[in-house]
Amino acid sequence: MNEKKAVILLSGGLDSATVVAMARDEGYACYTMSFDYGQRHRAELQAAERVAKQLAVVEHKVIGLNLNGIGGSALTDTSIDVPEAPSEGIPVTYVPARNTVFLSLALGWAEVLGARDIFIGVNAVDYSGYPDCRPEFVAAFERMANLATKAGVEGQGFRIQAPLQNLSKAQIVRKGSRLGVDYAMTVSCYQADDDGRACGKCDSCRLRSAGFAEAGLADPTRYF
């Protein structure tokens, strides 16, 4: 019997850690992929390593990219301040085409591994309004994946799974806690320091804090 494999995008944050735990619970052999893309919050990479180890993934890859060479985002260009108050429209923390790039590389690895499922922790309920977190984007990428690959053309097919898509942050936290995720290991803050401590002010910090509060669970986040 063939092993059921999945490639999972793992940023080191709360959502992606939960997705790894969910995939493992569903019986997948988990292969996780993180990206060192020039992000200001590089502490998330150490968090991803910790999560991958805690959840006993088969293999964890860190891919180097130079998205700060493109810029255009507060996460990759330190001359753009990370907003510390809610904003209208798509915020400056949006990284141009990031999820398209990340999923494309995950797709390549999945094809090599013979994995047919790719998991991503995007969410369209408690989220920052990024266009590449919407269900329409996920569905469109899946169609493209099955048109653009040898495996897809030969009928083996890929599925892009976004199991958090319609969950609130509180629901995500409760689910991950039940599955044994140690959220103290994760880093969500857009401007976390080198030790992984959070600012408590950015959009990601606010969503995370509200999720734990609504879930009625202790927030293990460390702040600077």
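Using N, Cα and C of the backbone, Cβ positions are placed for all residues, glycine too.
The annotation ATP binding site is assigned in Swiss-Prot to LEU10, SER11, GLY12, GLY13, LEU14, ASP15, SER16, ALA17, THR18, VAL19, VAL20. Residues or ranges marked as Zn(2+) binding site in Swiss-Prot: CYS189, CYS199, CYS202, CYS205.
This view paints the features noted in Swiss-Prot onto the structure.
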{"residue": "LEU10", "record": "ATP binding site", "Cβ contacts under 8 Å, 6 or more apart": "SER16, ALA17, VAL19, VAL20, THR32, MET33, SER34, ALA48, VAL51, ALA52, HIS60"}
{"residue": "GLY12", "record": "ATP binding site", "Cβ contacts under 8 Å, 6 or more apart": "SER34, ALA43, GLU44, LEU45, GLN46, ALA47, ALA48, GLU49, ARG50, VAL51, THR186, VAL187"}
{"residue": "LEU14", "record": "ATP binding site", "Cβ contacts under 8 Å, 6 or more apart": "LYS169, ILE172, VAL173, GLY176, TYR183, THR186, SER188, ARG208, GLY211"}
{"residue": "THR18", "record": "ATP binding site", "Cβ contacts under 8 Å, 6 or more apart": "GLY121, LEU164, ILE172, VAL173, LYS175, GLY176, LEU179, VAL181"}
{"residue": "CYS189", "record": "Zn(2+) binding site", "Cβ contacts under 8 Å, 6 or more apart": "HIS41, ARG197, ALA198, CYS199, GLY200, CYS202, SER204, CYS205, THR221"}
Around the Cβ of VAL20 (ATP binding site), how many other Cβ atoms lie within 10 Å? Please give the count over every shown protein chain.
29
Same-chain neighbours of the ATP site, Cβ within 8 Å of the mean position of the Cβ atoms of LEU10, SER11, GLY12, GLY13, LEU14, ASP15, SER16, ALA17, THR18, VAL19, VAL20 and not counting those residues, run in sequence order as ALA48, VAL51, GLY121, THR186
Cβ within 8 Å of the Zn(2+) site's Cβ centroid: which residues qualify beyond CYS189, CYS199, CYS202, CYS205?
VAL82, GLU84, SER188, TYR190, GLN191, ALA192, ALA198, GLY200, LYS201, ASP203, SER204, ARG206
Around the Cβ of SER16 (ATP binding site), how many other Cβ atoms lie within 10 Å? Please give the count over every shown protein chain.
26
On a count of neighbouring CB atoms within 10 A, which of the binding-site residues CYS199, CYS202, CYS205 is highest?
CYS202
